[in-house]
Amino acid sequence: MTETNLAMDVPRQSQRALHSAPMLRWFTASAALTVPQATAPVAFSLVALSILGDARLGAAMVLAMTLAQVVGAIPITRMGRGKSIASFLRMLVLLRSAALAGIVLGLHAEAPFAVLVTLAALAGLVNGATYGYLRALLNTLTSASQMPRALGIAATLNEVTFVLGPVLASGLGSLSPALAVAAMAVLGGLPALVISGDASMPAGPETHMTGRLVTPEIFLWLTCAAAGGATIAAIEIGAVALALQFGFDPTMAILFTVPLCVASVLGGIWVSIRNRASSPRAVVVQLALFSLGIGMTALSGALVPTILGAVLAGLMLAPLGTHYALVLDALAPSHRRAELFALLRTANAGGVIVTSALLTLLPLNMALAAVAACMLVTTGVVALRTLRRAVG
């Protein structure tokens, strides 16, 4: 598949400039949609601290939200078949905000922590489907020629959200944990107010569910997305442990997370300016650099190479994420795009779960090395596939 063909395979929709009102609303919705995920680790830790006196137990709420996303992605996405994309997306976003508002009410009512964990799971249940429908909505708003740039801008805004989200949660949480969760509900509900789309544009017919969605090629790119999610999570989740390993205070985890996020933003800007799909060979190079980045972080044993590894991984995040989205867009049946995009987000979440488990069960360097090995194997499979297609 060549670079040109990849772009042309995305169905052509009505031409809209990226600065048009519908597109600006879509970008706003895209940035706001991930606010709950970006703020949850800090906000839920503060919730657990206020109730149980142990901030670490906030991880139970985050885990419940993430696992629920994996469980609910496909079933909930399929529930929207035959319905308006925009209308169903609004409903899902409002349901998530209602669950988060329930946590706020639960805090005021001094509800048991188990109830709050359940509400966090209900909020996470729709995360995969909301992403799937928001991404499917983009196909109705812009053309194939503008798709790489649109995805690059979205990736940049997403990274900004993940940089500012914890800061916002910390600031509001210092006043009240309930206030931090309330901000999650309000800002996370913003897409319901700003998204636009043709009310008659259905997500797909209610029938015609026959046929396998995940082909071997789709499975390959979903695996790449999972490995990438695991890689980034390894740096983000392991940042505190890395800081301690190098003799710093835990707050110096920013030595690794901030360069990672800044590099991710720069990668998104590069994709937006370039506005082209990557060639198969370029994707192999990007995957190799991604693998090198996590390898440096895992095995260097020195501060500067570890930070440079995080930067290298961050720079490759947006180009690879854009490629996965474009490839899956080209491979997906038009009536099942939302379902496949939900799977893409779920694959990423699966990588985060695996990394969390590895960091829990194994020593830091061993866990990072395991993630690096997974990324390296994935890169090798893609490289072999690309070579076979080139010579065949």
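For all residues, glycine too, the Cβ spot is worked out from N, Cα and C.
Curation does not apply to TrEMBL; its annotations are automatic.
What TrEMBL records for 26-51, 57-76, 88-107, 113-138, 150-169, 175-197, 218-246, 252-271, 283-301, 307-328, 340-361, 367-387 is transmembrane segment.
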Under a criterion of three or more Cβ pairs within a distance under 8 Å and sequence separation of at least 6, are the transmembrane segment (252-271) and the transmembrane segment (307-328) in contact?
yes
Tertiary contacts of the transmembrane segment (57-76), as residues 6+ beyond its ends and Cβ separation under 8 Å:
36-37, 40-41, 43-49, 92, 113, 116-118, 120-129, 132, 339, 342-343, 345-346, 349-350, 352-353, 356
When each of 26-51, 88-107, 113-138, 150-169, 367-387 is checked against the transmembrane segment (218-246) for Cβ pairs under 8 Å, which one has the most?
367-387
Considering the transmembrane segment (367-387), which listed stretch of 150-169, 175-197, 283-301, 307-328, 340-361 counts the most C-beta pairs under 8 Å:
283-301
Residues of the same chain, at least six outside the transmembrane segment (340-361), with any C-beta under 8 angstroms of its C-beta?
63, 66-67, 69-70, 73-74, 76-77, 127-129, 131-133, 135-136, 213-214, 218, 222-223, 225-231, 233-234, 237-238, 241, 324-325, 328, 331-332, 367, 370-371
